[in-house]
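Inspection log for the structure reproduced underneath, given as structure tokens.
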Amino acid sequence: MVGNTIHWFRKGLRLHDNLSLKESIRGADTLRCVYILDPWFAGSSNVGISRWRFLLQCLEDLDASLRKLNSRLFVIRGQPTDVFPRLFQEWQTSQLSYEYDSEPFGKERDAAIQKLASEAGVEVTVKVSHTLYNLDKIIELNGGQSPLTYKRFQALISHMDAVESPAETITAEVMRKCATPISDDHDDKFGVPSLEELGFETEGLATAVWPGGETEALTRLERHLERKAWVANFERPRMNANSLLASPTGLSPYLRFGCLSCRLFYFKLTDLYRKVKKNSSPPLSLYGQLLWREFFYTTATNNPRFDKMDGNPVCVQIPWDRNPEALAKWAEGRTGFPWIDAIMTQLRQEGWIHHLARHAVACFLTRGDLWISWEEGMKVFEELLLDADWSVNAGSWMWLSCSSFFQQFFHCYCPVGFGRRTDPNGDYIRRYLPVLKAFPAKYIYDPWNAPESVQKAAKCVIGMHYPKPMVHHAEASRLNIQRMTQIYQQLSCYRGLGEHRAQPAETTANNMWAVGGSYKVKADTHNQFNREQYHVFFIFFYSGRGHAVVKRSNEDLTPGGSNKAQRQTSN
């Protein structure tokens, strides 16, 4: 019997460490690699042009790699549930393979495809390769529940089997006995479409700062490892102005689209560490970027409401304000705070911002200044951020808004002081907000405080050429801290005492922007966060001796007091 195989690419857009593809080739006579593109999705989704361009570049690179193996990528337009029954029949398919998708939407989609395949007599091969571990096994080890603290997650994976080695790269030798039927009109029927064909206007589109594809990903990985060993010596690099710019060693978009295998990254880090550190065992912190990603995948996999506040069992129900005008100013970089506006401008232009920059703008939108729901910020990042990932994006926004995973809401990023400490000269501001480039460093973070003569000399009068600040930060942040305190006190009174645990922000030692403290939850039989038990006072601060500082939580709200929280929000 002839074995005709289809490999379905979704994430995992690579030939290295692609176990499901490798398994499907074994014993197959023909192989067709497909990517299904929903044209309706392209025109109506919340994904912006930069992310679409990155995806198309990934597909072009994948097709080029397959060509070297005498194969091609088949890009097919339509819904998977409509496409596969036709392909199964036309191509007389005997096997379908794809990478396991842990996210709720993906699991629902794949269950429907598996049913169609079963009805057509098609064998399905599914392998885990987008995450380091099989997430179902982590949850099983935790008694059937997703771990809700990073500490608990770390404890669980310490009892898991070691991370599997990356699968052998697909080469001509691997493909030797497996042919791909290619017609003369392949490009017309199955070629990678252009942005214009998908309905995007490309006039004025800048050159991509982050080129998509596996080839670029592997090149960056080697640069990343060289830099990590030589420059940083496996220590956290100091933050400076250059840190805010896109780096040729950055990897996050490539991990998100699966152009780079997280397992390959993991093992390369391990090997390099042992080489540099003379065979000593690497600490878990070495894998921080990968493990926080894994943690959010694990917490989200069985929670289809993970990206929503309402009905989300791990999210505090906070009465955020609805303010479309303020949201638009934030999203478009028109807040009047140069640090915030420069970050949002970079995000819109390049599709990436540094993880601490993400912290700053997320805090400003939510609990810091504007009191707008994290869901709205998440949607903007979903549109603009190349590495926006359903699980990590939602988890990050819940964390930074103190809606879940982290409740030290007295820690507030100042939209003036934070940027000034990072880049005292303001070079980052001048790069992305050229209207302010002539301002002296003394005023570039708060140009509204510059004398009129300085503003005129800079040819930028605040309120005319650049907007005035949309809020008074010190007042807004003080009010929002009071709001958060009341919310958590009400939650505590509603259910009585439970257990909460928070880790200081200083424990974040990785490049993911979604990192931070954690909490423990005693689950109820009801699927509602506000029906679970908490002791809110343990989340505020920990003293140097490890005891919860309970009494101070109310003292810090004294108007006009010289407390730490107010100092942080006004400098």
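Heads up, the Cβ atoms here are built off N, Cα and C, so glycines get one too.
Automatic prediction, not curation, is the source of TrEMBL annotations.
The feature domain 'Photolyase/cryptochrome alpha/beta' is assigned by TrEMBL to 3-132. Taken from TrEMBL, the feature FAD binding site applies to Q289, L290, L291, W292, R293, E294, F295, F296, D387, A388, D389. The site 'Electron transfer via tryptophanyl radical' annotation in TrEMBL covers W320, W374, W397.
With L291 (FAD binding site) as the anchor, the candidate recorded sites are W320, W374, W397, and the one with the nearest CA is W397.
Here D387 (FAD binding site) comes close to S252, P253, L255, R256, W352: these same-chain residues lie at least six apart in sequence, with C-beta atoms under 8 angstroms from its C-beta.
W320 (site 'Electron transfer via tryptophanyl radical') carries neither a helix nor a strand DSSP state and counts as coil. The Cβ of Q289 (FAD binding site) has 21 neighbouring Cβ atoms from other residues within 10 Å, across all protein chains displayed. Sequence-distant neighbours of W374 (site 'Electron transfer via tryptophanyl radical') (same chain, 6+ apart, CB under 8 A from its CB) are M309, W320, A362, L365, T366, W397, M398, L400, S401, S403. All protein chains considered, the CB of W320 (site 'Electron transfer via tryptophanyl radical') has 20 other CB atoms within 10 Å. Classification of D389 (FAD binding site) by DSSP places it in coil, neither helical nor stranded.
Looking just at the domain 'Photolyase/cryptochrome alpha/beta' (3-132), the mean pLDDT is 95. Neighbours of L291 (FAD binding site), defined as other CB atoms within 10 A of its CB across all chains, total 22. Among the record's FAD binders, Q289, L290, L291, W292, R293, E294, F295, F296, D387, A388, D389, no two C-alpha atoms are more than 17 Å apart, and one pair sits at exactly that spread. Cβ environment of F295 (FAD binding site): P147, Y150, F153, G395 lie under 8 Å away, each six or more residues apart in the same chain.
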